[in-house]
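According to TrEMBL, the protein carries these features:
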| type | residues | note |
| --- | --- | --- |
| SITE | Arg17 | site 'Important for substrate specificity' |
| ACT_SITE | Asp78 | active site, proton acceptor |
| SITE | Thr79 | site 'Important for substrate specificity' |
| SITE | Gln163 | site 'Important for substrate specificity' |
Amino acid sequence: MNEKRNRRIILASTSPRRQELIASLRIPFEIMPSEADEDTPQGWSPERIVESLALRKAEAVLRKLTDDPGDGIIVGSDTIVVVDGHVLGKPEDQTDAARMLSMLQGRAHFVYTGVACIDRSSGRAKVSHRVTTVKMKSLSDDAIAAYVKSGEPADKAGSYAIQGLGATIVEGIEGDYFNVVGLPLSLLSDMLSEMGMDVLTDS
């Protein structure tokens, strides 16, 4: 295998969805939870929120590796949903999930995902984001209650998972599907390429 492709990729996330997505790139990677604080000040733009949190997660893992002399690229990511200027993260409970879905049903909203990459050998960091428009179907109160009861909304930004049962409540999207799942692979591959790893050719 090419030496560049064999560099250590460290995903600063415990999200099963992000792990599945980065695994689909067929590059060696490992998982290291960031445990970073995800609070942000009121008034920040969606772009600033996701880029700042993605970088914060990557930097938290970098600090954990202070005594580790290895090379590699740390990848952090964060996703939020925005509707009418309201930022929706993960629901606090089922009531909160139902509230979010009531806000989203029958309307278009925006999904923002920030991605941060830190090259351990040089200390260089790159941060960017993608935005996808999602149109959700009109949903009855019974449909919302049934979806919430499924348990799927529990740890999802905006309280739905487009790659799961939530696919049945989405009417359509405009933009990057993987961005909605939680990790825009096209953007990530571009960022890795700028750091010397070409996902397609370095094999």
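Here the Cβ of each residue, glycine as well, is placed from N, Cα and C on the backbone.
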Secondary-structure category, per DSSP, in which Arg17 (site 'Important for substrate specificity') falls:
helix
Ranking the recorded sites Thr79, Gln163 by other Cβ atoms within 10 Å, which is at the bottom?
Gln163
What does DSSP say about Gln163 (site 'Important for substrate specificity'): helix, strand or coil?
coil
Whole-number Å distance between the CA of Thr79 (site 'Important for substrate specificity') and the CA of Arg17 (site 'Important for substrate specificity')?
12
For the residue listed as 'active site, proton acceptor', which residues of its chain lie six or more apart in sequence with Cβ-Cβ distance below 8 Å?
Glu38, Ile49, Val50, Leu53, Ala54, Lys57, Thr113, Gly114
Using the alpha carbons only, what distance in Å do you get between Arg17 (site 'Important for substrate specificity') and Gln163 (site 'Important for substrate specificity') once rounded?
9
Packing count at Arg17 (site 'Important for substrate specificity') (other Cβ atoms within 10 Å of its Cβ):
19
